[in-house]
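**Q** Structure incoming, see below.
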């Protein structure tokens, strides 16, 4: 994280950037200002190498969300929870707010690119009196979000692998420990890759783009070519089905936002790679805006293809291996080899996705630990220079993921609640910097113009996002089916409550005394002085 502090002033030849004093930054030669990398690595041993380019970071983001593929895993909602129409219309509705969130975060990142993202922004935008606790709680919730997401992704890999086995061997009966062993393999492999092959992560990111997009194109074309007969327009756009027990279709519509919030999420993921990409003020917003706009549009196409290619909707209620997408392949492709290959591609994609989300999670944890938000912050926030990896942060995420996974032996309902709570913790953590920015008089500071500038729309869009975070978080806590039983209860609110308790205990036991931004503030002041001296020298 310390390396990214230096990025606050890297690439200072961007004409639209300004100093807090309101001075326009004119263009300088690299020999005068440097490319930022010398400054970034010069004083600190804790900086990660800048090995990523734009497409490498886009791959990390794609691997973490896999929008068109993730949507396919929610095909069971087509039956009974609004049907195909709500699956489509809820995606358009929720997707608007998701893109608005992405654009707002892009604006923040273009002014204050930082690997801790929400933690840093909460400190910058909150009233000084409350900045420390607010930044801490935003950070701890953000870390919880990524740890929950890491665990959820690896367990989904286990689901996919055993679903693939069930496709080929219907007589196979899976055991609970089978799931856990595959889960362990997924978590540990992603950790080992991030530790021992860290310098290959940029290559993996670029490869992820090809694999994910190729898989989406291949499977969608195969579905269109093989599915017969296709569903009618009435099935896709008109015929609402409600078997949830809720009397209001309006309630069911809002319950249908879950697939979208899961498939278009983790908007700050690219920000955690700030240390490792040149000129993050420019490149991180590009990754977020282009990446999420593309993901959203491909999601629209994917939903339309899925809805029209469902040839036996009843089968989705009891899909092969418990995976609705695999059942769609079996029914619609009507070819064992083609459906198996398609399913295998999905497994490979999500295995790559576990590596991607582990990458973002470890960078966030490392940055948060450097602020002393976690015990053993010096170790967890350190970088192994030989491996170019935040080894202890990766181990931290891995241990917590493995511990969460143990819940499968106690209750699959509890495990699903924890794994599925990453969306709610994400939205709650976003609330703090967004609210702070809305009430901040000068927003980013007097005379500061973001490189990605929303202009006069910035504050209204921030306000829209705040209402969306509250609205979506509330609906994500509502049970899908009524009357509620122990198995159908939505335990998201319980997970949020327990997470808040853990955060509070850590605050009073450790972080309340040690969590600090003093080093950051001191460093930024030194850099402002340095930049002012260079500008003065240039003017003279």
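Using N, Cα and C of the backbone, Cβ positions are placed for all residues, glycine too.
TrEMBL labels come from automatic prediction, so no person has curated them.
The structure displayed is predicted, hence computed values, not measured ones.
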**Q** With TrEMBL as the source, identify the stretch among 108-127, 248-267 annotated transmembrane segment.
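**A** In TrEMBL, the transmembrane segment feature sits at 248-267.
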**Q** Of the ranges 368-385, 422-439, 440-457, which one does TrEMBL list as transmembrane segment?
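**A** Within the set 368-385, 422-439, 440-457, TrEMBL attaches transmembrane segment to 422-439.
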**Q** Within the same chain, where does the transmembrane segment (460-482) have neighbours whose Cβ lies under 8 angstroms from its own Cβ atoms, ignoring anything closer than 6 residues to its ends? I mean 6 or more beyond.
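**A** For the transmembrane segment (460-482), the sequence-distant neighbours (Cβ-Cβ under 8 Å, at least 6 residues beyond its ends) are 81, 94, 97, 100-101, 103-104, 244-246, 251, 254-255, 257-258, 261, 423-424, 427-428, 430-431, 434-435, 437-438, 454, 488-490, 492-493, 496.
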**Q** Using a Cβ cut-off of under 8 Å, list the residues of the same chain at least 6 residues beyond the transmembrane segment (86-105) that approach it.
**A** 71, 74, 77-78, 117, 236-237, 240, 252-254, 256-257, 259-261, 264-265, 267-268, 271, 288-289, 292-293, 296, 299-300, 303-304, 306-307, 430, 434, 452, 454, 458, 461-462, 464-465, 468, 472
**Q** Which sequence positions outside the transmembrane segment (177-198), separated from its termini by at least 6 residues, show Cβ-Cβ distances below 8 Å to it?
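**A** The answer is 150-151, 153-155, 157-159, 161-162, 204, 351, 354-355, 357-359, 362, 384, 387-389, 391, 394-395, 397-398, 401-402, 405-406, 408-409.
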**Q** Test of understanding: applying the rule of at least three C-beta pairs under 8 Å (pairs 6 or more apart in sequence), is the transmembrane segment (488-509) touching the transmembrane segment (210-228)?
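**A** The answer is no, given that the two segments have fewer than 3 Cβ pairs within the 8 Å cut-off.
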**Q** Using a Cβ-Cβ cut-off of under 8 Å, list the residues of the same chain that are 6+ residues beyond the ends of the transmembrane segment (287-308) and lie near it.
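**A** Distant Cβ neighbours of the transmembrane segment (287-308) are 54, 57-58, 61-62, 65, 67-69, 71-72, 75, 78, 84, 87-88, 91-92, 95, 98-99, 102-103, 105-106, 109, 213, 216, 220, 223-224, 227, 230-231, 235-236, 260, 263-264, 267, 270-271, 328, 452.
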